[in-house]
Amino acid sequence: MAQGLEVALTDLQSSRNNVQHHTEEITVDHLLVRRGQAFNLTLYFRNRGFQPGRDNIIFVVETGPLPDLALGTRAVFSLASHGSPSPWIAWLETNGDTSTEVSLCAPPTAAVGRYLLKIHVDSFQGSVTAYQLGEFILLFNPWCPEDAVYLDSEPQRQEYVMNDYGFIYQGNKNWIRPCPWNYGQFEEKIIDICLQLLDKSLHFQTDPATDCALRGSPVYVSRVVCAMINSNDDNGVLNGNWSENYTDGTNPAEWTGSVAILKQWHTTGCQPVRYGQCWVFAAVMCTVMRCLGIPTRVITNFDSGHDTDGNLIIDEYYDNTGRILGNKKDTIWNFHVWNECWMARKDLPPGYGGWQVLDATPQETSNGLYCCGPASVRAIKEGEVDLNYDTPFVFSMVNADCMSWLVQGGKEQKLHQDTSSVGNFISTKSIQSDERDDITENYKYEEGSLQERQVFLKALQKLKARRFHGSRRGAELQPSRPTPLSQDSPRSLDVPSLRPSDVVQVSLKFKMLDPPNMGQDISFALLALNMSSQFKDLKVNLSAQSLLHDGNPLPPFWQDVAFITLSPQEAKAYPCKISYSQYSQYLSTDKLIRISALGEEKSSPKKILVNKIITLSYPSITINVLGAAVVNQPLSIQVIFSNPLSEQVEGCVLTVEGSGLFKKQQKILLGVLKPQHRASVILETVPFKSGQRQIQANMRSNKFKDIKGYRNVYVNFAL
């Protein structure tokens, strides 16, 4: 009597499959594959070979705690069976005397996550034996044309999925500096932490079966991840803190990578890590999304609007000394950082797929949770603010107008309206390069152009209609048909504009006389120009105050008054100096100083306001690689650093990391550094991954928190 077919061993071919699925950087010891692409496994039999037509092998794949055929979290499909109701398929590759190689393929819409793989062997005499073959992880597939995250460019896939380091741009629009960051999406345990993050979401906790079923949608997954990066609604990854008090955690400026943050969240039982600000939220989200297979990049918007009342106007208030007043609802962030993720948007009208804004910084709620997006970048550019999700809020960040007001004697006087001050130099790292890409044109038409104003007015009109119908930001709207631009439609809108009598005949402008370096005096001049044919007598109140990067000011620490007389068409410079001793104790971690001048003409009610934001710079850390970098061979790295101040600093700590180079973040206690002291340390490591790598370093002390440096390293295979 013929025997039933018995499975003795299974080879999931993890190493081979992972290379073909671009997951070998994560591991080659466990099976990680991408949907919409075949992977192979080999079944070894104990007693005889597989006989097609006499034996039937049925595969079962399950994900989530409550697998369900109807929800798509459980699939049952036979080997080489065509016309099966299951979108999963399996076919025979080779058949030997005691082994069979089989190819399996998940549909390009399958839910991502951890799967259990089982088979039922039905032999010809009617016996059925079940076997559990093992687990595998299924990810999004930007290499598959049928996947919603498909990206038709290998250089872009390498940059936005495979690159594990990059730059986040900070500073201000006049001084943009790259901050090196270790995304580390392929480091040990990161994939497990990313899947754990999905399981800790409120969506999963409330309805795990439905949540797992929806994980095939990048729109859904991106919103879940976005809400989980902050901890405002749940035990998310990061606590936000803009208070300047970080004694019970880590100053956001000190972080140099996502790996340490995610591992700390995991090892503490998913307790939120203290602390993050916008660039940290965005960087950690980039790590998670790239790990899951969704192309993602980090975006910085300089002079970013935060419009709380939805009227596309950022109101700024000043007193009669030129000092900007705090405790206001609207703000302009010196810079703000978010993510763009690449995906199709079948929930929107055609043409609004591609790059989508996701902002994990907890600013406003969306459908009851602190998340923002995905908002179509093209919809933002075209003013289609009624398209999901959170498009009005993102539009205001890049294209709101700014209205300046003078507050005096309990009254508010309009100084001017600026239509171009919000949303400048929108930046991201270039593809396979360390250069900066300016992508402002992706978000809006050129400032000052007719098209830009038409889009602004169209967006304003849509928001007025939305408020009329009682909607709120974040509510899911039924998207209307995109509105074409019209030269006639804006004319009926009530939008503030300047009258001819408001035209100022005197201009004021600040000019730096020396580079603003930390520890040195700040030298600048106020330039006054009389553009009229009459004499002008000016009184100018000047002030300086530290500024947080989210736009909130600290109390002023320097004030001056200038009296300037100008002949017709005359220009004069009024020199100013702020000493280090004047600003040192008032400086925020962001190292931002806002200088303001409020001028008024004698015997005239007209006021002239000008301001400039200064970012104080540090000398960067220098990193030297001593010798050739080769996998599994010792490598020496020299880190050179200095105290830029003319005073002693204490509590100095150097942190160094780099994916593929260090197994974990290195911390070196340096103690005290004397004034202007320069020193170096030698670190020893053994690179464990080949290819292009980056070393990131940060030094902190009791006087500064983020002196940074980086060095790119190419690691060769051992001969």
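Heads up, the Cβ atoms here are built off N, Cα and C, so glycines get one too.
TrEMBL annotations: computationally assigned, not manually curated.
TrEMBL has this to say about the protein:
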DOMAIN    270-362  domain 'Transglutaminase-like'
ACT_SITE  Cys278  active site
ACT_SITE  His336  active site
ACT_SITE  Asp359  active site
BINDING   Asn399, Asp401, Glu447, Glu452  Ca(2+) binding site
REGION    468-496  region 'Disordered'
>> Neighbours of the Ca(2+) site Asn399, Asp401, Glu447, Glu452: Cβ within 8 Å of the Cβ centroid, same chain, sequence order.
In response: Ala400, Thr419, Ser420, Val422, Gly423, Lys444, Arg453, Phe456
> Using Cα coordinates, what distance in whole Å links Asp359 (active site) and Cys278 (active site)?
Replying inline: 8
> Using a Cβ-Cβ cut-off under 8 angstroms and a sequence gap of six or more, which residues of the chain neighbour His336 (active site)?
Replying inline: Cys278, Thr300, Asn301, Ser304, His306, Thr361, Met397, Asp550
>> Cβ atoms within 10 Å, counted per site: which of Asp359, Asp401, Glu447, Glu452 has the most, among these recorded positions?
In response: Asp359
> Across all chains shown, how many C-beta atoms besides its own are within 10 angstroms of the C-beta of Asn399 (Ca(2+) binding site)?
Replying inline: 24
>> I'd like the number of other C-beta atoms within 10 A of the C-beta of Cys278 (active site), please.
In response: 27
> How many of the residues that make up the domain 'Transglutaminase-like' (270-362) does DSSP mark as helix, as strand and as coil?
Replying inline: 15 helix, 40 strand, 38 coil
